[in-house]
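Peer 1: Checked Swiss-Prot, it gives:
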BINDING   76-87, 275-287  NAD(+) binding site
BINDING   94, 104, 132, 217  substrate binding site
SITE      139  site 'Important for catalysis'
SITE      185  site 'Important for catalysis'
BINDING   217, 241, 245  Mg(2+) binding site
């Protein structure tokens, strides 16, 4: 079997971190004996510059045919038209591929707890995943309107939309430490009342998973005061957007965090959580670990290569533990150095 991968380098530092990661993929495929082919497509601001829109039909169709999609980063101050922004291409891609589940791991690597803005003893051993519903909720709700006197947004969830994201979270929790925290605002929101009801019903199908409920404001506090207590957190779109960004600073750098977006049966999208960082683009100083860890997620989830994913992650964790990092993590290496060291480790 030959896996079909679509590469979307995007904007800013996206091309350099993605292209370097693809060089690692070539080494890994030879080592673990699997085949793949890459289709490169412009996306985001780069696509606006070339084609006048952030996501062309050609690119979208290629993504629909793919086994996996790897995205570098998009956006930047260059693209200011509110009706034609790079981010609109990503929203359209998620919706078109029905990428309803966003998976965001947060791991504090051994030896790197000093990088966290929190006390070391508070974050050591943190290993959690936030499962965020991605295609419904207040970001997509209708009706919505805005004028100088009034603005309206609509927060709507159906039972089916809640059930499918909750099943993803339960299955993930069952494969990890067996603990699921469901986040809502059940004390004031009707949508959260339905959310909690559905979570309790679905929990009957997963007796091996312990479930607890937290209001979103309480969860935001516990993420700071005791992040180690969490295993898997599941939440609706807006809450997940906020909480996953909060959790991402716990390890000390946005550059350490990967993410994946899943549908039930279509291609999955893998990308680092950081932005395009146009101020450092082309300077060979970008931290590529988030992109490489996203590649590891792709190896495990879409390319059926769990051993390769484990090896790649362990090499990264060992590098971080021994201070072999870029400047944002306190090290002295540049982007190329990171890829060269990992290439040597993988070839060993």
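Just so it is clear, glycine is given a Cβ too, placed from its N, Cα and C backbone atoms.
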Peer 1: Rounded to the nearest Å, what's the C-alpha distance separating residue 76 (NAD(+) binding site) and residue 245 (Mg(2+) binding site)? Just drop the number here, would you?
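Peer 2: Given the Cα positions, residue 76 (NAD(+) binding site) is 19 Å from residue 245 (Mg(2+) binding site).
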Peer 1: Tell me, in order along the sequence, which binding-site residues from 84, 94, 132, 275, 287 have their CA within 10 Å of residue 241 (Mg(2+) binding site).
Peer 2: 132
Peer 1: Can you give me the residues near the recorded Mg(2+) site, meaning same chain, not 217, 241, 245 themselves, Cβ no more than 8 Å from the center of the site's Cβ atoms?
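Peer 2: Sorted by sequence, the hits are 216, 220, 238, 239, 240, 242, 243, 244, 246.
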Peer 1: These are the binding-site residues: 76, 275. Which one scores highest on other Cβ atoms within 10 Å?
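Peer 2: Max Cβ neighbours within 10 Å, all protein chains included: 76.
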Peer 1: For each of the binding-site residues (241, 245, 279), count the other CB atoms lying within 10 A of its CB, then report the residue with the highest count.
Peer 2: 241
Peer 1: In the structure shown, which of the binding-site residues 132, 283 has the fewest Cβ neighbours within 10 Å?
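Peer 2: Taking 132, 283 as the binding-site residues, the minimal 10 Å Cβ count falls on 283.
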Peer 1: For residue 132 (substrate binding site), which DSSP three-state class applies?
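Peer 2: SS state of residue 132 (substrate binding site) = strand.
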Peer 1: Round to the nearest Å and give the CA-to-CA distance linking residue 132 (substrate binding site) with residue 287 (NAD(+) binding site).
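Peer 2: Here the two Cα atoms are 25 Å apart.
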